[in-house]
Amino acid sequence: MSVARNDTGKGPGNEQNRRKAASGAERSQVSWRDELRSWRLSHADSCRQALQRIARQPLGALLTVLVMCVALALPMGLAVLVAQVERLGFDWQRGAQLSVYLPQQTASADARALQQELAARSGVAEALLIEPEQALAEFREHSGLADTLAELPYNPLPPVVVVRLQEGEALGERLQALQDELQGDSRIELVQADLQWVERLQALLALVERFTLGLALLLVLALLLVIINSIRLAVESRREEIQVVKLVGGTDAFVRRPFLYMGVFYGAAAGLLAWLLLAGGLAWLNVAVRTLAASYHSDFALGGVPWQDGLTLVAGAMLLGLVGAWLAVARHIREIEPQ
């Protein structure tokens with residue numbers, strides 16, 4: 001009978017154990033909630049302290065943010081401009097072509113046969129034949145020398161076949177290989193590639209990219225030094241306050257936290273200001289760029305800073321601010337001990 005009562009779980013001992021387990025679970029849940037609430041309140045208080053410390057020295061904070069803004073905006077602006085010019089170079093490269101000049105005495109039927117032969121080649125997007133009469137008419141229209149050309153006894157322009165390759169990788173190499181092959185054709189007078197200046201532009205852009213990367217690394221180092229110096233001065237100005245906090249049991253993490261938030265706020269403000277500066281600068285430059293492009297019958301225009309790049313800039317600035325603040329605080333906090 002005793003065993004049966006224990007199996008049913010209705011004994012006084014089992015009831016007491018269940019109450020203890022329920023009480024322990026409730027205390028654990030309350031403790032977890034209290035810890036989360038305490039963590040949130042602690043970080044909110046540190047955030048408030050950081051904002052108050054920045055507000056007490058608005059001029060110093062403004063100068064720090066402006067220096068960081070310049071350090072962020074300069075390499076980012078160069079990178080955006082290089083990307084825009086690369087886009088322009090890619091558009092031009094897509095239009096890269098071969099101009100195949102035929103002897104002036106070439107018959108129209110022979111020129112058309114060569115044009116069809118080139119158009120049928122693998123990798124060729126199109127081959128257009130420009131007859132001497134058509135070339136002369138276009139030259140007369142765009143050169144402004146119509147009266148002079150009218151006095152010529154004959155048309156000096158030869159037939160030309162314009163060959164454009166299909167888009168894809170290694171366009172320059174494919175264009176050069178076709179040029180070398182056509183140069184040996186006895187039916188052709190001259191083959192001229194229109195890609196050399198684009199290749200030179202790409203080489204120049206590669207150089208500018210390397211320069212931008214090196215400049216960015218130097219300016220990131222300068223940005224970290226600015227943050228470290230600003231936070232170090234903030235720590236030194238509150239040495240006595242930190243000593244009192246440590247005297248009553250405050251940990252290094254508790255003392256460090258407001259200064260870390262200061263670094264994050266400095267970075268966020270500098271990143272946002274750099275983003276606005278870049279957007280305004282590109283809009284200002286775009287007026288001149290559109291005017292220049294229009295003179296070349298182009299609709300090219302500078303694009304703005306994509307919002308993804310802008311958010312990346314702000315996030316990166318906040319991270320740099322946090323790292324700089326950590327480097328500044330980690331050593332100085334350990335050195336400050338209550339007397």
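Numbers run from 1 along the shown chain.
Glycine is no exception: its Cβ is also placed from the backbone N, Cα and C atoms.
Automatic, uncurated: that is what TrEMBL annotation is.
These features come from TrEMBL:
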type	residues	note
REGION	1-29	region 'Disordered'
TRANSMEM	59-83	transmembrane segment
DOMAIN	97-190	domain 'FtsX extracellular'
TRANSMEM	211-231	transmembrane segment
DOMAIN	215-331	domain 'ABC3 transporter permease C-terminal'
TRANSMEM	264-287	transmembrane segment
TRANSMEM	307-329	transmembrane segment
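Note on the domain 'ABC3 transporter permease C-terminal' (215-331): DSSP counts are 101 helix, 0 strand, 16 coil. Residue counts for the domain 'FtsX extracellular' (97-190) by DSSP state, with H, G and I taken as helix and E and B as strand, are 42 helix, 19 strand, 33 coil.
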